[in-house]
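Report on the structure given below.
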Amino acid sequence: MPVVREELDLSAEGGCMAKLSANELERLLDGVDWGINARVLVGLDTGDDAGVYLLNGQDGLILTTDFFPPICRDPYTYGQIAAANALSDVYAMGGEPLAALNITLYPAGNEGLPLLRRILEGGADMARRAGIPVIGGHTIANERPVYGMAVLGRISPAQVTRNSQLQQGMALVLTKPLGVGIAMAADRVHMASSATVQAALESMRQLNSAGAAVMRKHGLACATDITGFGLLGHAYRMARASGVTIELKASSVPSIPGVPELIGLGCIPGGSFRNEDYVAGSCVYALDVPMWQRTLLADPQTSGGLLIAVDMERSEAVVEELRAAGYWQASIVGRSKARGEWVLEVIP
Ligand SMILES: Nc1ncnc2c1ncn2[C@@H]1O[C@H](COP(=O)(O)OP(=O)(O)OP(=O)(O)O)[C@@H](O)[C@H]1O
Ligand SMILES: [Mg+2]
């Protein structure tokens, strides 16, 4: 049974861990005629966070959708996290959300309806926190619950933060800690402490709205959000799309408390290995990077933070602003440089 009376079933992978691997996704999408026209400012070619459609010279519309099976047992929290994750791609483009639709798949039968209702209430709560209404949705029967949103946002075309605009010599700032994939995988088998699970849930519930506001204030041009492909996979896509190399400093990457110990106990979600495979051949690790840090870099995130490129001079100030805005673990995790032999380099 996919649903029990009071809590969601976590027997299979949930959250962004349920995404198709990056390699498979690229093969799936390659070569289809998507009918792209002159109004499409951001389409599929750079694998960016959301599409951007030019309404006129001043206004761009951001369109994005994200949905996944349960990431945690509590339905309300699952709804909140799925909504925060769906909204995140609007923030990752530097934009502001306007309205959302619910995407809902749920096992047929009446006994699950109260749970489904709690999921939708959690999503509505997060939409209200983001300052937007939920104006509709769609619901179909499915063996496993799946929930998320399609979100409409707005952006001035000049302010779009693309993943393909990374220049050489910039600092890379990460707003949230890594490790929610490992924490929630450990929770599924009751190995994680409640402090670790609470910290992971709190991090996933945190909107990326304040991070986007900091980006707009500083006129920054390049960002992405960290989700299922991990910091490793999303940094790789940013470096590849921009034609530069990213150097990640593993010891500077913040983690959810308790996660390094869980990695030591072997709690590693399958998505981590898929993410390592994705960058294999394009990524080099210094010999003295510990295995647990390599694992953390590849950990699939759900509702992860923003990875933001900032010029070196302003980077410390931007980190301070992000911390003051509630991202208390915001850190400089790497830098960009001229494209070398490797697209990604990981140093201790
Ligand atoms: N079924 C699909 N049809 C068309 N485009 C797709 C499909 N699935 C994914 N894409 C596109 O592929 C790119 C990568 O998708 P993905 O959902 O992994 O985005 P992401 O921003 O990297 O991750 P997330 O949405 O979790 O933040 C995006 O441009 C997305 O719009
Ligand atoms: Mg994204």
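Cβ atoms are placed via backbone N, Cα and C, with glycine included.
In TrEMBL, the ATP site is described by K19, T46, G47, D48, D66, G137, H138, T139, and among D89, D187, D225 the residue recorded at this site is D89. TrEMBL lists D89, D225 as Mg(2+)-binding residues, and of the candidates D45, D49, D125, D277 the one it assigns to that same site is D49.
Per-residue pLDDT, averaged along the domain 'PurM-like N-terminal' (47-155), amounts to 95 for this model.
Candidate recorded positions: C16, D49, D225. Those with a Cβ under 6 Å from ligand 2, in sequence order, are D49, D225. Residues K19, T46, G47, D48, D66, D89, G137, H138, T139 are the ones the record ties to ATP, and the longest Cα gap between any two of them is 31 Å. Listed in sequence order, the residues D48, A50, T64, S88, V90, Y91, A92, M93, T224, T227 complete the 8 Å Cβ shell around the Mg(2+) site centroid, once D49, D89, D225 themselves are left out. Rounded to a whole number, the distance between the Cα atoms of K19 (site 'Important for catalytic activity') and D66 (ATP binding site) is 10 Å. Candidate binding-site residues: G47, D49, D66, D89, T139. Those with a Cβ under 6 Å from ligand 1, in sequence order, are G47, D49, D66, D89.
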